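Copied from TrEMBL, the annotated features are:
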- B:20-37: transmembrane segment (TRANSMEM)
- B:49-68: transmembrane segment (TRANSMEM)
- B:80-101: transmembrane segment (TRANSMEM)
- B:107-125: transmembrane segment (TRANSMEM)
- B:132-151: transmembrane segment (TRANSMEM)
- B:171-197: transmembrane segment (TRANSMEM)
- B:223-241: transmembrane segment (TRANSMEM)
- B:253-272: transmembrane segment (TRANSMEM)
- B:279-298: transmembrane segment (TRANSMEM)
- B:304-324: transmembrane segment (TRANSMEM)
Amino acid sequence: MKYHVEARNVVKRFGPTVALNGASIAIAEGETHALVGRNGAGKSTLVSILTGLQPADEGEVLFAGEPAPALADRDAWRRRVACVYQKSTIIPALTVAENLFLNRQTDGGVIRWRALRARARELLDTYEVDVDVQALAGDLSVEQRQLVEIARALSFGARFIILDEPTARLDGPAIERLFARMRSLREQGVTMMYISHHLDEVYEICQSVTVFRDARHIVTRPVAGFSHDELVGAMTGEATAAYQARARTPGERVVLAGEGLSLAGRYREVDLAVRSGEVVGLAGSASSGKVGLAETLVGLRKPDAGTVTVNGVRVRPGDVPSALRAGLGFVPEDRHHEGFVPLLSVAENATIPVAGKLGRFGTVSPSRQRARAVQLIDDLDIKTEGPGQPVGDLSGGNAQKVVFARALVDDPSALVVINPTAGVDVKAKQALLGAVEDAVERGAGAVLVSDDLDDLRVCDRVLVMFHGRVVKDVPRGWTDHELVAVMEGIEQ
Amino acid sequence: MTTLTASPAPRVRLARFRDLTLVPVILILLVVGAFLDPTFLTSGNLTNVLQQQAAISLLVLAEAMILISGKFDLSLESTVGMAPAIAVMMVIPASAGGFGLGLPGSLVIPLCLLVGAAIGAFNGFLIIKFQLSAFIVTLAMLIIVHGLQLGPTQGKTLFELPDSILYLGSAVWLGLPASIWIAGVLFAAGIAGLAYFRIGRALYAIGGNIDAARAAGIRVNRVLWGVFILGGTLAALAGVLETGRLGAIGSNQGVGWIFMVFAAAVIGGVSMDGGKGTILGALTGVLVIGLVQNILTLKGVSGFWQPVVYGAIILVALIISRIAGGKAQD
Amino acid sequence: MTTLTASPAPRVRLARFRDLTLVPVILILLVVGAFLDPTFLTSGNLTNVLQQQAAISLLVLAEAMILISGKFDLSLESTVGMAPAIAVMMVIPASAGGFGLGLPGSLVIPLCLLVGAAIGAFNGFLIIKFQLSAFIVTLAMLIIVHGLQLGPTQGKTLFELPDSILYLGSAVWLGLPASIWIAGVLFAAGIAGLAYFRIGRALYAIGGNIDAARAAGIRVNRVLWGVFILGGTLAALAGVLETGRLGAIGSNQGVGWIFMVFAAAVIGGVSMDGGKGTILGALTGVLVIGLVQNILTLKGVSGFWQPVVYGAIILVALIISRIAGGKAQD
Amino acid sequence: GSSSTSTAGSGAAGGGKVGIDYPRADSDFWNSYIKYVPQMAAEQKVDLMPATNSQNDVGKLVSNVQALVGQGAKAIVMAPQDTGAIASTLQQLENKKIPVVSVDTRPDKGKVSMVVRADNRAYGTKACEFLGEKLGGKGKVVELMGSLSSVNGRDRAEAFRECMKTKFPGITVFEEPTEWEGSKAASMLQTRLEQNPDIKGIYMHAGGVHLAPTLQVLKQKNLLVPPGDPKHVFVISNDGIPEELAAIRKGEIDATVSQPADLYAKYAMFYAKASLDGKTFKAGPTDHDSTIIQLPNGLEDQLPAPLVTKDNVDDKNLWGNQVK
Ligand SMILES: Nc1ncnc2c1ncn2[C@@H]1O[C@H](COP(=O)(O)OP(=O)(O)OP(=O)(O)O)[C@@H](O)[C@H]1O
Ligand SMILES: Nc1ncnc2c1ncn2[C@@H]1O[C@H](COP(=O)(O)OP(=O)(O)OP(=O)(O)O)[C@@H](O)[C@H]1O
Ligand SMILES: [Mg+2]
Ligand SMILES: [Mg+2]
């Protein structure tokens with residue numbers, strides 16, 4: 001059998017961490033090959049080795065049977081492989097057009113900006129990405145940025161493309177467009193490696209799948225005939241049941257309320273009330289304003305009009321500390337941006353909101369901090385060397401769990417989580433959704449903003465937003481089709 | 001449970017060592033110094049080194065905190081001369097070059113610290129409220145504050161000073177100059193404050209990711225403002241110590257210090273990008289610089305070549321601490 | 001299609017304007033200057049301003065490129081004096097203070113540029129290959145390079161210079177000083193290079209996100225090294241222009257410039273964090289600083305208060321450009 | 001009565017080590033001084049320690065003095081550029097009975113056994129008188145000042161200002177604060193000439209830094225013409241470095257006040273050794289064309305600082321004619 005790409009017995013260590021321990025993968029010519037595994041299994045590390053960003057400590061990489069080019073020869077790598085990295089490689093201070101054609105603005109000689117913009121617009125049009133090519137990439141939403149990265153990677157004309165969790169930040173229609181594109185590339189004979197924590201996507205788009213666990217290769221099999229449970233079993237090393245949303249009866253007390261909230265360009269005249277023991281979903285397609293609304297509830301944004309009440313306390317608009325003091329916990333949309341301080345430890349990141357309660361006279365007792373962190377690491381099953389490891393060194397999903405830990409650390413009575421399971425593996429997803437439900441069972445009320453319909457299943461009701469307004473309050477028991485129709489504005 | 005708590009221990013110790021990458025450099029300097037000059041290792045000489053570095057070390061302490069919180073303050077060096085000069089002029093009679101306000105001489109130190117705090121507050125105001133670049137605001141303030149000393153004093157040295165401002169910089173407590181005690185206590189407070197206090201940890205969070213710090217409920221603006229005010233106050237106190245050591249306030253007091261302050265902080269492991277470094281590390285940086293200067297003075301290296309030797313030693317210290325620390329710097 | 005092309009047009013214009021937030025400041029200065037002194041708006045005086053800023057503007061050009069690529073170079077100011085001094089000493093006879101190598105006088109400019117390039121290359125080597133902090137490496141180099149001028153010259157001013165090194169800084173071409181032409185051409189090249197060439201755009205990419213730049217296939221180390229070498233060469237050329245303007249190489253040539261260089265670049269919109277700003281913006285920064293200095297000289301503001309006025313104007317310029325630009329600075 | 005200041009040495013007897021600190025290494029005048037010192041010390045058999053350099057920073061000067069004393073200096077020669085901030089150090093040295101010779105500057109407070117210095121106020125006055133006479137008491141003059149925070153710069157500026165005000169009220173003076181920087185001097189002079197093309201006189205505080213830029217600006221403006229020409233701008237300088245003397249010979253500048261670097265070095269060594277030998281001096285004229293005056297905190301030997309013009313520029317005794 002001829003493999004288009006092969007990695008053999010790759011070992012990669014980061015200090016004491018072994019990210020890859022003799023892992024191998026072999027991808028056949030022209031197939032779309034899934035790589036799955038729990039957070040921290042070593043997937044992204046393999047990606048950086050397959051794209052020549054990092055050297056492997058041991059082992060080898062082959063392209064079409066030939067040894068990989070030297071690390072310094074970036075052009076040779078770029079001819080062989082294009083990649084959407086998990087971590088953004090967008091340069092915020094440059095325009096979208098320039099980001100799309102970075103380091104290939106011209107074949108030589110003077111850059112013709114007008115032509116470049118036209119090419120960029122054309123490229124984005126083929127993906128139906130509606131952004132101004134002259135906007136600065138830093139001004140785009142997380143989702144738009146991701147689309148730009150995907151468009152860029154696919155535009156190289158490389159015969160091998162790696163997509164590391166491209167859909168973690170995309171909503172349904174965008175994912176559909178991506179898949180359509182991937183199918184047509186496959187018809188042209190392009191080989192792809194696809195990483196995702198959404199296993200149904202793996203079944204939808206891939207032909208075979210490789211599972212990594214604990215830095216090792218576990219199994220490679222065709223997707224057909226590999227049952228969902230078997231796959232999850234291979235990833236986790238144990239039998240895992242699908243997540244069952246729990247039934248509850250919400251209380252009467254309103255723990256989180258917004259009245260008459262408006263923010264120009266984002267949302268208008270929104271009222272909402274979350275009761276104790278209730279999970280309220282917030283759904284909507286791109287630009288519906290759901291994230292902006294959620295960020296207003298937690299104080300990250302200041303509304304033009306309206307008030308937010310947490311636990312009966314009217315919080316100062318646009319003031320996070322006053323919302324936290326009133327008993328709120330939240331998970332922001334972008335963990336890299338607002339979620340964690342990369343150089344600080346897991347323990348420290350998780351306990352910032354309760355730093356005042358971990359010692360007397362303004363001190364923070366390191367032992368109490370560590371004890372609290374160890375408990376959170378246990379609860380949320382965070383894979384880390386210990387509470388002292390900097391969060392910047394964790395894998396994406398584990399960093400997300402740390403952000404979650406920070407939201408839960410003060411036992412909040414109101415919880416706002418935005419795309420909480422972005423980039424989180426199946427089992428961790430259950431842990432995180434379980435953590436939300438646990439908090440709610442302890443009497444909290446929660447708002448869950450998500451593009452992922454699976455996440456929304458834990459909600460007691462889902463508020464659907466469209467063009468900045470709440471258009472419908474959908475009670476539990478909806479089908480995917482119904483909800484999507486409302487989100488697209490097709491049915492009211 | 002035991003495995004979890006047991007494993008991090010070595011890491012912590014390693015992390016602590018990372019702040020102390022200059023310790024080998026200090027040891028080498030001590031050995032080399034002792035070898036080059038018999039006076040060097042005498043307690044008298046080492047006390048002199050510490051006393052000479054006391055004032056500048058307070059600036060390093062201030063700058064380290066400001067850098068850790070991700071900001072920048074160049075104007076500290078001008079405060080060293082201006083704050084005591086203005087404070088003194090408020091209390092001495094017009095005949096001795098003062099404003100003739102007739103305030104009591106005992107007020108001079110509080111006034112001086114107040115002036116320093118006010119400069120810090122003004123810096124903070126422009127940088128935080130107006131969202132201006134810290135580098136350029138404090139660069140302009142470096143020039144302005146120095147001008148605010150030159151203008152009123154007409155460039156003259158103030159040498160008729162109230163005793164109260166001379167005391168701290170020249171007194172000896174328990175056999176050691178008071179300025180060493182003061183710097184020592186403040187550094188101890190800084191080390192503890194940044195390691196074990198909520199407010200100190202907040203500086204790291206702000207410097208490491210200001211948005212995350214804000215989202216975690218830290219009152220970022222308030223903390224940053226406080227740091228600038230504290231920085232200005234420490235610079236004014238450094239001015240008090242320096243004034244006592246020199247017995248007068250020259251119009252150039254503090255001028256040119258800021259480069260050495262940054263050098264000490266950065267070779268001591270404090271990052272210019274914020275969120276990284278410790279006060280203890282900054283202290284080792286101060287010591288390295290003080291020892292190098294002392295050795296060069298003792299050896300009487302020609303004034304022309306002194307900068308070359310001096311700069312080369314800083315580079316070597318940097319390389320040693322890079323190798324000992326094992327991480328790329330920024 | 002028309003709607004698509006129509007909407008972005010105003011954005012371009014806006015983005016361009018963002019580099020030019022200092023234009024209102026320049027206009028205000030021109031009006032105020034004309035109002036304060038009749039000489040100010042004469043072509044003779046404005047030519048003088050440009051000539052006086054020519055040398056420092058080359059440093060600003062160099063520093064802007066280095067800052068845009070996310071690095072830092074403080075040592076440029078020392079190169080301004082050291083590179084021409086060493087080059088001159090290589091060609092003049094020992095009796096005039098040279099090394100007595102007997103090289104022909106026509107080589108002095110190439111030698112000078114070579115020395116500048118070598119300093120840049122050494123900086124780049126330490127920063128890129130050794131991964132040391134750019135700030136502290138170039139701070140040490142600032143001291144060392146200046147020492148490498150003081151040492152060989154024994155601190156003396158070099159008065160006996162070959163004509164070739166005096167020519168560029170003192171010649172007049174087509175009615176304008178040659179140094180203005182040279183600076184103008186180099187700025188034009190810099191503006192075009194950073195706006196229309198891949199290599200120039202690579203600087204933005206590297207300064208904006210070095211990992212992304214590397215992933216995009218940019219040879220990051222090579223480009224950075226090139227920028228440091230170019231920076232050193234430009235600083236040496238600035239030294240040639242300054243030498244020609246002053247007719248001698250004093251031991252303090254260039255000393256103290258670097259603060260003004262940063263001030264010009266940063267008020268001109270170049271970010272200290274890398275990846276942001278334009279050469280055109282930096283040029284407006286140079287002009288603002290030159291005009292302010294000229295007006296202060298024309299008005300004969302008292303030397304003691306001059307720094308206060310000067311610093312205050314920089315602050316005001318900063319605030320105006322902040323308001324005109326509408327974005328927080330960093 | 002006059003005191004004997006014969007240089008006849010009595011060997012290295014009663015002596016002890018002399019520590020010396022140089023104020024800076026970046027000006028031509030001080031570099032000449034630095035070159036003269038070891039030579040003069042050898043001539044007078046002074047046991048000189050390796051010199052320190054305080055780089056114009058009084059904080060460093062204090063540290064350096066501490067180190068010198070720590071290494072066994074029995075007398076100190078210094079040139080404190082900041083005359084106030086050295087007071088407490090002088091106090092400490094007095095307590096330790098270590099005599100101090102201060103060169104070029106006169107400390108405001110604290111005991112000194114001798115100040116060796118030319119009178120900087122006299123420089124300003126001489127320059128004022130020279131320019132005043134040449135310009136016939138009217139016209140415009142540019143004064144390129146040194147650093148305002150240096151005493152010497154301030155003394156020259158104040159004396160020049162006072163003299164102009166009282167003796168030549170018809171002359172307008174433009175004071176330019178150049179911070180001893182050639183670059184600033186060139187820019188300021190160029191701008192001022194643009195504004196006032198009828199400027200007829202220039203007073204430079206320091207030939208070392210101001211000479212070349214001034215000549216370059218005058219040349220660019222076609223003002224570098226011989227004294228007879230109506231366009232001539234009269235230039236008087238300070239320091240007396242060889243290049244100034246050469247410029248006087250060429251007629252490019254008209255005069256300079258020669259600051260005696262050699263005598264500074266010679267008498268610094270002389271008085272340091274004398275104080276170690278226990279010799280004392282009294283106010284009055286000396287045997288080397290100078291006068292010792294009494295200060296509240298010691299004595300000052302005011303060395304002669306001759307005005308050099310085309311007439312006496314070839315005088316062998318000028319220090320600027322002795323170096324090469
Ligand atoms: N630069 C680094 N320094 C230290 N440790 C690292 C570094 N990069 C990755 N690791 C560690 O290597 C392991 C594998 O990380 P990797 O990012 O490959 O996981 P992943 O499978 O992509 O996980 P996820 O699904 O969460 O993205 C993790 O334990 C992580 O903490
Ligand atoms: N930083 C920003 N500056 C300007 N406009 C923005 C910014 N972020 C988002 N927007 C715009 O605000 C509108 C609402 O965005 P919001 O993020 O609240 O909606 P959303 O439903 O979460 O959208 P998405 O799913 O795309 O994130 C959209 O038109 C979006 O493009
Ligand atoms: Mg990953
Ligand atoms: Mg969104």
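Just so you know, glycine gets a Cβ as well, placed from its N, Cα and C.
Bear in mind that TrEMBL entries carry predicted annotations, made automatically and left uncurated.
The transmembrane segment (B:304-324) and the transmembrane segment (B:20-37) are in contact, since at least 3 Cβ pairs between them lie under 8 Å (pairs 6 or more apart in sequence). Outside the transmembrane segment (B:253-272), and at least 6 residues removed from its termini, the chain residues within Cβ reach (under 8 Å) are 18-19, 21-22, 56-57, 59-60, 63-64, 67-68, 74, 76-81, 84-85, 142, 146, 235, 238-239, 242-243, 246, 278, 281-286, 288-289, 314, 317-318, 321, 325, 329-330. Where the transmembrane segment (B:223-241) meets the stretches B:20-37, B:49-68, B:80-101, B:107-125, B:279-298, the count of C-beta pairs under 8 angstroms peaks at B:107-125. If you count C-beta pairs under 8 angstroms between the transmembrane segment (B:279-298) and each of B:20-37, B:49-68, B:107-125, the highest count goes to B:20-37. Outside the transmembrane segment (B:49-68) by six or more residues, the chain places 76-77, 80, 169, 177, 179-180, 182-183, 186-187, 190, 194, 203-204, 207, 227-228, 230-232, 234-235, 237-239, 241-242, 245, 257-258, 260-262, 264-265, 268, 270-272, 274-277, 279, 282-283, 285-287, 289-291, 293-294 with a CB less than 8 A from a CB of the stretch.
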